[in-house]
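Everything below concerns the one structure shown next.
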Amino acid sequence: MAPPVKPASADELAKQQRSISVAEFFEKNKHLLGFDSPTRGIVTTVKEAIDNALDACEEAGVLPDIYLGIFRMEGDIFKVVVEDNGPGIVPDNIPYVFGKLLYGSRFHQIRQSRGQQGIGISAAVLYAQLTSGRPTLVISRCGSDRPAYRFRIQIKTETNEPEILEKEETTWDRIHGTRIEIEFKSSLTARKRLVEYLRYTSVVNPHARIRVELDGEAILFDRASDEPIIPPQAILPHPHGVELGELKRIAAGSTEPLELFLVNSFSRVGQKTATEILGLAGLKPNKKASTLSPDDLAKLQVAMQQAKVPPPLGGQCLSPIGEVLIRQGLEKEYEFDFCSARTRPASVYHGHPFIVEAAIGYGGKLESEGTARIMRFANRVPLMYQQGACAITGCISSVNWKTYSISQSGLPTGPVLLLIHVASTNVPFTSESKDAIASIPDIEREVTLALQELGRDLKTFLSRRDKSRQTEERARAICAIIPEIAEKISETIEKPVPDISPIEGQIMKRLVAKKKTENGTVTISLQNYTAHALDLTLYIITSDDLKKAEPEAVFIEEMDPDHSGVWQIRLAAGENWRVTYQGTGNGMIDIRGVDEKKKVVVDLDRS
Ligand SMILES: Nc1ncnc2c1ncn2[C@@H]1O[C@H](COP(=O)(O)OP(=O)(O)OP(=O)(O)O)[C@@H](O)[C@H]1O
């Protein structure tokens with residue numbers, strides 16, 4: 001029998017107490033930051049570095065030109081290289097940015113940005129040294145008049161402080177920007193997801209160009225727009241979003257009397273609102289904010305929540321993508337029969353402004369079987385994991401897609417793509433790994449409304465398409481029997497079978513092109529029976545002399561013994577056009593500018 005375990009005394013326990021550095025904590029709990037496996041580690045590292053590159057370019061107002069290289073080194077060690085053309089990082093800050101967790105420029109600012117916590121890239125550095133034992137290389141330059149610096153850095157986990165293994169001035173052909181090289185143990189099992197992450201990033205950042213070298217394969221995600229993003233501006237906290245601890249900290253740092261303190265420290269608070277808040281709290285306007293007792297602070301915080309304060313202005317601190325660019329971004333990477341996008345008006349949850357954007361793609365090259373492709377984004381960053389735990393997925397499942405003519409099994413099924421983007425000054429993630437959005441009713445309502453609007457758009461498209469398919473089928477059936485009728489009638493009245501192409505063109509709503517030669521005059525006529533204006537190019541290749549054609553060709557090329565003539569024609573719906581020339585009518589004609597299915601070409605000289 002094992003000897004009984006002696007319980008520890010309070011003194012013995014006291015000896016074991018010690019503080020834990022945040023780096024030690026995350027070294028043990030790396031799954032919280034998205035480094036739960038080597039497969040996922042590579043996706044998270046790339047994501048953190050690219051998000052930072054995009055954020056930095058956005059802050060500097062430059063069009064992002066990003067290079068990503070992923071190289072297999074020896075064994076299962078991989079090297080990730082990310083280089084950007086952002087503003088660079090000043091040399092004094094480089095060790096902290098990469099060698100200290102919870103260090104960053106965005107945590108204290110209220111505005112939309114990809115990074116928030118100041119933990120992402122240093123967590124990747126920590127993961128690298130943990131799995132490969134290798135430090136991270138950083139090169140950065142802040143302008144043409146400044147030298148570039150090269151660092152090798154790792155993190156002292158016991159203290160969460162940077163350890164600089166190498167620092168030197170260096171030459172670099174970029175005028176400004178940052179390059180990092182991180183080596184860690186991984187695999188390329190997640191290759192598909194990695195490419196998907198990059199594709200999704202490119203869709204919601206249509207102003208970015210990302211050049212990729214992925215283990216020997218070159219991929220380019222080019223930009224669809226040359227407009228840099230207007231960087232969102234930081235705003236003051238909104239009274240409805242302030243918690244007691246935060247209020248205590250802000251008040252302690254103020255030298256102003258309460259009324260001025262409220263007006264100057266919070267967004268959307270004017271003198272009238274400040275008076276209302278102070279009235280509700282029962283506090284005097286000239287009392288100094290820094291002298292408030294804990295009781296006064298608690299009353300003030302409650303009054304701030306109760307007072308009617310206009311919602312924060314989302315336009316200034318948020319940067320939605322916009323309907324046109326979402327569609328451009330999607331259509332650059334996917335092919336659809338139909339695509340529609342919506343940007344909802346700015347809204348607020350717990351005092352934090354947010355905007356929901358959504359898009360739907362249907363048909364085209366989307367897979368016709370299985371559940372819809374769902375693309376979730378927060379502040380222009382793709383959310384690649386934990387789809388089932390995300391409030392966005394819950395909203396998609398709760399919409400009744402059948403009312404919009406889409407089959408559904410929880411999620412919609414069929415050739416459907418859904419994109420949802422939540423942009424906020426404070427995206428409520430379910431964890432530090434920023435994979436899923438928490439269930440916040442105000443956000444869920446906006447997502448659902450956006451999806452319903454898109455569902456209605458799709459339904460309109462589908463019913464129009466079905467109607468035009470029906471009309472076309474009917475027209476096709478009629479056209480199929482016209483030649484027979486024409487033949488029968490001509491037999492009865494003993495006349496030659498007439499040219500039925502104009503009737504066919506009229507019924508099928510097509511462009512009818514006819515070529516006919518009579519007494520040495522060739523006539524080519526075009527009749528637009530479609531419902532739209534057409535911009536057409538007519539090519540004639542023949543040995544007949546085209547130089548004297550009426551009207552004149554815009555271009556004639558001699559290709560002995562043939563000539564080719566080109567005519568540019570704009571034909572309004574219902575309009576017709578003709579060209580004539582002398583000759584035998586040999587050769588061929590070709591018409592561009594109209595879908596093959598929408599034209600009937602009849603060469604009467606050959607019939
Ligand atoms: N490529 C870069 N160019 C310029 N500055 C950068 C770059 N990468 C990081 N930084 C700076 O380093 C800081 C820390 O980056 P880090 O990735 O650790 O956190 P974050 O992006 O602020 O937040 P999160 O942890 O949510 O990703 C950033 O806030 C930014 O100021």
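Cβ from N, Cα, C; glycine included.
Any TrEMBL annotation is an automated prediction that lacks curation.
The domain 'Histidine kinase/HSP90-like ATPase' annotation in TrEMBL covers 37-188. Feature annotation from TrEMBL assigns ATP binding site to Asn52, Asp84, Ser105, Arg106, Gly115, Gln116, Gln117, Gly118, Ile119, Gly120, Ile121, Ser122, Lys434.
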Three-state secondary structure, Gly115 (ATP binding site) (per DSSP): coil
Would you identify the secondary structure of Lys434 (ATP binding site) according to DSSP, in three states? coil
Counting across all protein chains present, how many other Cβ atoms fall within 10 Å of the Cβ of Ser105 (ATP binding site)? 15
Could you give the mean pLDDT over the domain 'Histidine kinase/HSP90-like ATPase' (37-188), rounded to a whole number? 94
Enumerate same-chain residues with a sequence separation of six or more from Lys434 (ATP binding site) and a Cβ-Cβ distance below 8 A; give 'none' if the list is empty. Gly34, Ala378, Val381, Leu383, Val427
Just counting, how many other CB atoms are there within 10 A of the CB of Gly115 (ATP binding site)? 21
What does DSSP call Asn52 (ATP binding site) in the simple three-state scheme? helix
Report, as a single number, how many Cβ atoms besides its own are within 10 Å of the Cβ of Asn52 (ATP binding site). 23
